[in-house]
Structure formats: structure tokens, C-alpha cells
Amino acid sequence: RIGSATSLSSAVINTRLQELVRLFRERTEKVKEKLIDPDVTSDDESPVASPAAAVPAPGEELEGDKPSGDDHYCEMLCCTFKSQPWLDRLKSYQLPSSIDPLTNLMYVLWLFFVVMAWNWNCWLIPVRWAFPYQTPANIHYWLLVDYLCDLIYLLDILIFQTRLQFVQGGDIITDKKAMKINYLRSQRFKMDVLCLLPLDFFYFKVGVNPLLRFPRCLKYMAFFEFNNRLEAILTKAYIYRVIRTTAYLLYSLHVNSCLYYWASAYEGLGSTTWVYDGEGNRYMPGLGLSHSTACCHELEQDVVGAATAGQTYYRSCMDSTIKYMNFYKIPKTVQNRVKTWYEYTWHSQGMLDESELLVQLPDKMRLDIAIDVNYNIMSKVALFQGCDRQMIFDMLKRLRSVVYLPNDYVCKKGEIGREMYIIQAGQVQVLGGPDGKSVLVTLKAGSVFGEISLLAAGGGNRRTANVVAHGFANLFILEKKDLNEILVHYPESQKLLRKKAKKMLKNNNKPKDEKGGPGDPLIIPPKADTPKLFRAALAATGRMGGKVPLGRLRWRLKELKAMQE
């Protein structure tokens, strides 16, 4: 019996092994066919369960597949994924202490809800005022949505606007108190408070009149901010601008239709030939008047286009840059920095390149503007003191404005210096130390650095430290080639500058002994010598045994000297 049982089990094992070999062979052949002809369908390539695999009975689950009671799963595409319940995620979410309005997508999403609430008021207040769509039977639905929009307005004021970062002197301010004070002092806060005037209390006296909610339409700043933020993150912003322009046209027709019906109702429906006769849809007849205003609309487009020509140019440059970055698959972090540069440069200067504006002016006007902006700074540079004044004027006209983002490297240690920098706004930090990250000094607006590199030669024009922008920094740059072109016409100033540059380089490269150089300032100045007359008086009183006040003074001085030692 034992032998027969053993032979039976061996036969079963051999059968299973042969079945597995056959399955593997078939799968191998199918893979070969797929490699030779990729078009071969793979619908029947799903693996077949092994005969040796244990199959659970109906209604049962394998022990390893049973999810624990504390875990949560979601099914998607025949797969089960472990996920945290949305309610738990919502409870654990915390708003950041400060919000970057230029790059924070959550803030853009919130602005979307604010703009939706604003559109509700702008589109439906005229409808409810002109047409008899608001009735006592449905008034509670209108009021429910109205106060939901008011809640969104209120949350925007209390939670989001007081957390927005802002730029002050080139620095990004993230302090809670400073952000709150900045919002409270802004024009945005005044308009936000004005749009929430509680005129609804007059409902108890005059009834639910939609015109009492007209101040809610004054939250237009959120709409324009949403447009700017959305266009900055869209890859094809021109599509959104076409949709927005179409919405402007539709809104003008919408208001026109509301006014037409209100005037018809005021005169009496069907009382004259030009008013609404009361038949058909109440809303549509007013839209027919838009044909008579087509010429006015075209004129309006021309006026608006001329007034926003600069903004159009800015958007065109932004769209072209975004298209270029997407084509070459530039990383999103780099794209965000480029967009931030466009935003800050445009809003701080009103243009992308100041030279494009100045080049159109006469030479005398360009010089007057340059003198008013930078002459006081340039005249204080030690390297240029004593030079021809007209040469300074020529240098001012060659200055070029550049904006650096926070933590951007203005120059790096070891690189060849070909520019001099003047800080117009913001701050830069000079880094050094063993790790190259210690802040040695912070330079503020009006400071100048890199001037020696303009005249140094023979390897002396290499940068000796890293300089990074601390916050947003607007710098004026004078390039070495521009200075060389100017110095050709001022040979005396050229000799003076080269002499000064050699002297400054010599002082910078001079080795310092342990006692310090002759010009080194001492943190604690040495104690002045005791005057001879005073020493003689002390000696005389000492011989008298200290019976006079000077003797006690000398004894006190000796005691203090011992304490110091």
C-alpha cells in the first residue's frame, strides 16, 4: 500500500510538472511571436493559474488578500489601491503660514471660486432686477446662493488675503504681522470691505431688492488677479484670452437685454412699437439691439487695444517664451522662475527692457534721466573719483538694468569679471567662509561692487566671492567693453583709472602679518599713555604714603590694573 501511494503521488507530481513546462513553452512562443510581429494581439496572453495553486471556495478570500479593518482601499481599473479617506486628509490639512501669489496653485484654485461668486453677482443681479424671475416661491434658493457667495468673500478677506507674500525693497516678506498690515493698508482691502456692505438689512423695509447687492460687483480686483495668475500657468494662454474676450461681449449683450426689458416694463409691455410686446422669450428680444451697436463695439475694441498695447506686447513675449520652453521640455522649476521674472519685471518697471524705451529718446534726454537716477551713486565710487565729469556722463548712458530673482547668483567665485554692478533696488549678499555659504556682508541699494574687474588684467579680474540676490534685486550693469570704448576719448582719465586699479589690487593682495596691516582697523583701540604730569603727581603722592586723595587714587588704579590682569 505504501508503495502504491508513493507511485501515485509521483505520478501526480510528474503530471503537474509537465503541465507547467507546457504552459511555459506556450508563453515563450507567444512572446517570440510578439517580438517578431508587434501587431499580434495580446488579449489571450493573460497568465493561466497553475494547477498547484490553491483556489478558494466561493465566498472565501485568501488570507493574504484580506484587507485589515483599519485600511482603506479604492478600486480603479480592476486594481485595488490603498488610500487615505478624504475626510481624514481634509482634517489633517493645514493652510500655509504664507502664500506665494505668483506660484501657489492652491491660491489660483481659490481665486477661481472667488471669481465664480463674483460672476454670480455680476450676471444675475441685473437679471433679478429687470426680469420677474425672482418670485416669493423661489426666493429662499436665491438667498441661499447669495449668502454662500458672501461667505466666500469673507473667507477671502480673513484667511487668504492676509497670508499673501509681498515684495518690499526687493525682499520677499513672509512675516504674518507684516503681511496683515500690508493688506489692511492696500486699496484691495478697501474695495473688499466696500463690496461687503450689509445693505441686506434694508430687506426688512423695502423687501428683497437685488439692487441692494450691487456693491458685491466691486470685487473686480480678484477677477483681474485671477486672469494674470491663470495666464501665467497656462501653456496656451491665448485660448483663455479669446474665451475671456468673448465673455466680455456676451456680458455687454446681457446687460443690454436686461435694460431693454426693464425699459419695456416701465413704459408698458406692447405699449409702443419699439418695446417688448410680451410674447415669446423675455430675454431674447433685447439681444437683437446688439446689431445696431456693432460699429460702436468695433470702436471700443480699437480704443481698448490702443490702451493695452504694452500689456499685449508683454503677453506676446510671455507666450513665445512658454512655447519655446515647452518645445524643448524645460523643467517646470525653471519655467516657474522664468514666469516669475516676467511678472516681477513687468509690474516693477512697466516694461521688460528699459533700453527699448530710452533708445527712442534724444541723447540729451537720455543723459538727463541717467543723471537723475544714478549720478550720485556713480560719483561716490572710489575708482571714478577725480575722473572727467563728461566721462561719468557717458558711462551713465551705457548702464543696463537687470532684475535678479531671490537666490540668483549675480557672480560666482573664480569667474572672469567683465561687469561692474550698481544696486538700484533690493539687496545682495556676499558669501564666503569654508563652505562658501556664510554671509560676509549684505549690500543695499546704492552700493557698488565689481568695479576693479573693469580695469584689472593678467588674471586679476577673477571674482573672489559668490554674490547672490537676497530677494528681488534690480541692478545696473556697466560692461567692460563699454568702458573701454569710452576711455578711448579720455586718455587722462584712463591713466588715472589704471593707476588706481593697480593700487587697489595691490592693497587687496598684500599679505597681512600677525599684527595686521597698517591700515587695519582695530576692534578695541589701544589704551592711551598716561600723561607725564599726571604720572609725576602720582609718584609724589606715593611718597607721601597716600595721605592725600591722589594717593588713594593711585592705590585704586593699581587695584584695577591687577583685576584686569
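Cβ atoms here come from the backbone N, Cα and C positions, even for glycine.
Annotation source TrEMBL lists compositional bias 'Low complexity' at 47-58.
Marked as domain 'Cyclic nucleotide-binding' by TrEMBL: 383-487.
Look at TrEMBL and you will find 35-66 tagged as region 'Disordered'.
For the transmembrane segment (99-119), same-chain residues at least 6 beyond its ends with a Cβ under 8 Å from one of its own Cβ atoms are 148-149, 152-153, 156, 160, 163-165, 216-217, 219-220, 222-223, 225-226, 229-230, 232-233, 336, 339-340, 343-344. Taken from TrEMBL, the feature transmembrane segment applies to 99-119 (among others).
The annotation transmembrane segment is assigned in TrEMBL to 139-160 (among others).
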Problem - Arithmetic mean of per-residue pLDDT over the domain 'Cyclic nucleotide-binding' (383-487) - result: 85
Exercise for the section: Take the domain 'Cyclic nucleotide-binding' (383-487) and count its residues per DSSP category (helix H/G/I, strand E/B, coil), listing them in that order. Expected result: 22 helix, 46 strand, 37 coil
